[in-house]
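For B:21-300, the entry in TrEMBL reads domain 'ABC transmembrane type-1'. Annotated domain 'ABC transporter' per TrEMBL: B:334-567, in sequence order. What TrEMBL lists as transmembrane segment is B:21-44, B:56-74, B:135-154, B:160-178, B:246-268, B:274-294.
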Amino acid sequence: MSTFQKVYAFAAHGKRYMHKAFLLLTSSAVIGIVPYIAVYLIIMRLTGGQLTAGFGVGAAGVILLSLLLKSHTQEKGLAASHRLAYDTLMGMRQKAADKLLSMPMGEIERYGSGALKKIFVEDIEGMELILAHAIPEGVGNIIGLCTVVVTLFIADWRLALCALAVIPFGFLALSGISKTATQKLELYYQASREMNSTIIEYVSGMEVIKVFGQGESAFSRYRKAIEGYKKFSLNWYKSCWKYMSMYNVFLPTTLLFALPAAILFYTSGSLSFGLLVLCVLLAMSMGPMLLHLVIFFPIIPNLRQKFKRIEDLFEETELPVGHDRSFPDGYGVSFHNVTFAYQDIPVLKDVSFEARAGGITAIVGESGAGKSTVAKLTARFWDVGEGSIRIGGRDIREYAFEALMDTISYVSQDNFLFNQSIMENIQVGRPGASDEDVMEMAKKAQCHDFIMEMPQGYQTVVGEAGDRLSGGQRQRITIARAMLKNAPIVLLDEATSSTDAENEDLIQEALNQLLRGKTVLVIAHRLSTVVDADHIIVLKAGKVIVQGKHPDLLQASTEYAHMWQSYRQSARWEYKTERKVAESC
Amino acid sequence: MLKLVGRVLRLAGEYAGKLRLSLVLSFVESLLLAVPIFMAWYVFSLVLDNALQVRDAWICFSIILGSVLLRMVLRYWFVMLESGTGYEICARERITLGERLRHLPMRFFSEGNLGWITSIITVDLPFVEEMGMDALDKVISGLAGALIGVIMLLSIDWRIGLITVIIYFAAFLTFQRLERVCRRESPIRQKQQAKLVSAVLEYVRGIPVIKAFNMGGDRAKAVKDAIESTRDHSVGFELQSVNPVLWYRACFAVGTAVTILAATLFAINGLLPAPTAIMVFIFVFYLYMPVQAFTNLSSQTRITEAALDRYEDLNAVDMIEDMGKEAVPHRHDITMRDVRFSYGEGQVLDGVSFTAPAKSVTALVGPSGGGKTTIANLIVRFWDVDSGSVEIGGTNVRDIAYDNLLGNVSMVFQNVYLFNDTIRNNIRFGRPEASEEEIIEAAKKARCHEFIMALPDGYNTLAGERGDRLSGGEKQRISIARAILKNAPIILLDEATASVDPDNEGDIQRAIGELIQDKTLIIIAHRLSTIQNAHQILVVDNKRIVEHGTHTELLNQDGVYHELWKHREKAGGWKISR
């Protein structure tokens, strides 16, 4: 129930539609008893022998009108509740869009685009059922039910109780479901997840399966997962169906106790024929409403899960931002005793170094040493655990986020482009830049030529070009974009240069253009690239083990010398199919 | 809606009998639904005859209780038959589909069909199984209820029965209108949904760029516009369906009122006995209820049909023609003779011939898009040549049994796929009967034993999707260990493999070095320095082999290779500097 309340809270700003929906749906439910009263009056007159054609026509007219009015108010009410629901969905989605802007980038990466899309689209869509149907229809039904029950109580309270006597049976069945749910639902979900991942694996791994001639064994695993899912789903449903058929059958059969009781009261003389007829009619009218109240029950656990995911996203901590916009001491970057852990796993420990303004500083180390984290912390993907990162002598957390972003270009392997023209994609770097400026940058970034070869040139839309743009071409466009931005600090992941082995030299040339005159912090993977760096920082398991210039490091650090050695070896490596006589070294 | 029933029955195949039985049961259950109404009528007639006694209370109670219990059993039984069978059918379909997938041509999987296939099995089939069967249930019980109502009313009084028939007919006509609106709107809705998804995806994927370039306001606005127009479309759709629904409901309102009026007038004129009239009065409220609920079913049936459409499309894909019966000969040289090939439009290879001698290194170099990867794909028959031939040891690859062909070739390409299984089993995949020692031996050769042992669960660590702790290079080396274990005599290698993980390039290189010992190697090379000692280098450019020879021979020719070498020299010696 609390889920309903929380979801409902999101709808608060749509009060107008909410009130309208409630009002209309409640009226619809109340109007719903009019035809029963009319029929009661007809029956009374018929059995009393006073029924006239005129009364019949009048009563039929009232019935027609009330039925029309009932469906009219109901449909208009549902239209209003849908309006409310879709407004609320929109509000939730927009809130989520804003939320992403204030969340730390690192957390967004942790979610992954697939999971975020699922929350944005599917999970939020699921709330429609609660907002447009479960809440307004539930409330309408409860009020309609109350109207009938009150009327019934006024007519004969004993029969009212008898009519309501089926409810415990219904609840017994519902509690049976929720008891089963806790036991078997988890198994069912698990089997369902298991099946889905096995299917995905089977389909995505088909190439490998065929290449290794493992069709038989992979298929038997696939078959097992599917049969497991069938078994658990049938297992869960079989126990549910028992209870479902119980409440489906009991709840609308309000006459089960009411009719025999009415007979007893009538024969004992404590009930008139008129009230007998009225009570039977009213009791029967309760049935569908009772059933309608519980139809949403089985899907609640699912909706609760969806809402939980939405709520969790909204409750993610936001990145605190400062207000400073000016950089007092230029654009040098320095780490002061920085310690950082990601999901409780320590990544950086007490890291200190200085990347001088206008100089090239390289971070080297084995994979997993924490190199990329240094760049990501500088771009505030996360905030440091302890210590501080300073730019221009001031803690980066004191700057306005926009001001910080304006000073940094982060060039990584992620070469995301928007689904618009290449021209617009480069212009992202500096909104309002002229076509000439864009082309100049494109030339420097070595992408002008291939762009001009496309039929639409700079107006080619990236999404439509699709696979026509290779990874390396995309990369060069992102470099042109960064060049246009012209930020004083460049964070470069050197792996970028090998995204397209065929055109490595072009990307390298583009990068050289980008780095000109900037403060550069490069995450280096190939030592040859950074031998000329002004400063090299060697990381190992999150700690700085040594720093200095290449020649000095070769002398001072055996670890560095060893890294250099093995780098040289792999650069000289060649393919040979001859069997080696003996293992060298 | 009836079309859907027919389609599901066809899909059911051997289960159709069970489904039909469930329809009969559902029909009987609907019949029993009227029991309490009959009892009420019975009581009213007794009262009017002054014959109601205390024991009638017990008769009533027992009969209603009996009908309720019987309905419970019937309902349980037919839901079980119907939905239960739904699960059976979908499980069977998934399994047959899995079997089919194994026999689809390899290219089918490398052509970007993965998402499509996966969504059919994991999204469409579950929808059919849950919502589709549920819709079937509602359609059938609704129609059964309507049929029973008409028959009952006709047998009570043919004139009143006729009114009901007319009403159903009118309702059927207005329902067509509702369906028309849905048919018109649902593709629009789907398109809008797709727009929302792509806007959201672009926003979410682009968020690093959006933040880095301070485009928050602008981009958030773009996604918010898409969100807003989704709202507008959804609301619009609801509003559009209001009127047809109202007309549909109006038919039943008129039907109810006219039936009551007719029964009243007939009763006054003595054409209908009073108890029967009362029976009609009560019954008429329940008559139309199940059919009125059809308005909520439209979208459910439509999505089910669309899901079935997609499923049938997938089933229509042709299986591979595997006519070959021969085994790969013991000589493992590879020959291409005058091979021409196109992927449909535009020639990709135009008369390619070469021989790669057994146990030699043959390198393919040349600009991207020149046809290097296609040559590798043709050797393993991801595609078949248009003309010319590919031979292994002198036997045309088309004459070789496909499993046997694949068993003799190992491919080491950039896209590594590991299964959600232990590292041990992932390596064992190369040769299932391999012993523990052989697995470890292969892992050592592939330079992965050390990092595997450093993992908390060692060889029992889960790899694949769930084991994200493995880096790209580590996954690459596990896949090489797998290939080492397979020990196929022919290796096709894309050199880009090695640059997946620049930090561990050396380890990957050494792993490859072990793999290719004593093998026939065809390598798609990017970094020319690694192939200076290759037995032959084929320069593929513009659909043909334009130069071939050893490194020194080619350098002296001053042609394409010479040009490439100059470029690579430059890239290899790159230093960040200004």
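All positions are counted from 1 along the displayed chain.
Glycine is treated like the rest: Cβ placed from N, Cα and C.
Since this is a predicted model, take the numbers as computed values, not measurements.
Sequence-distant contacts of the transmembrane segment (B:135-154) (same chain, six or more residues past either end, CB-CB distance under 8 Å): 1-2, 4-5, 8, 23, 26-27, 29-31, 33-34, 79, 82-83, 160-162, 164-165, 168, 259, 280, 283, 286-291, 293-294, 297, 300-301, 304.
Taken together, the residues in the domain 'ABC transporter' (B:334-567) have a mean pLDDT of 87 on the 0 to 100 scale. Looking at B:21-44, B:56-74, B:246-268, the range that has the most CB pairs within less than 8 A of the transmembrane segment (B:160-178) turns out to be B:246-268.
For the transmembrane segment (B:21-44), the residues of the chain that approach it from at least six positions outside its boundaries are 52, 56, 60, 63-64, 67, 70-71, 74-75, 77-79, 81-82, 85, 137, 140-141, 144-145, 147-148, 152, 275-276, 278-279, 282-283, 286, 290, judged by C-beta separation under 8 angstroms. Sequence-distant neighbours of the transmembrane segment (B:56-74) (same chain, 6+ residues past either end, Cβ-Cβ under 8 Å): 25-26, 28-29, 32-33, 35-36, 39, 42-43, 46. Note on the transmembrane segment (B:274-294): residues 1, 30, 33-34, 37-38, 40-41, 44-45, 48, 138-139, 141-143, 145-146, 149, 152-153, 156-157, 160, 164, 167-168, 171, 175, 248-249, 252, 255-256, 259-260, 263-264, 266-267 of its chain, located 6 or more positions outside it, place their CB under 8 angstroms from a CB of the stretch.
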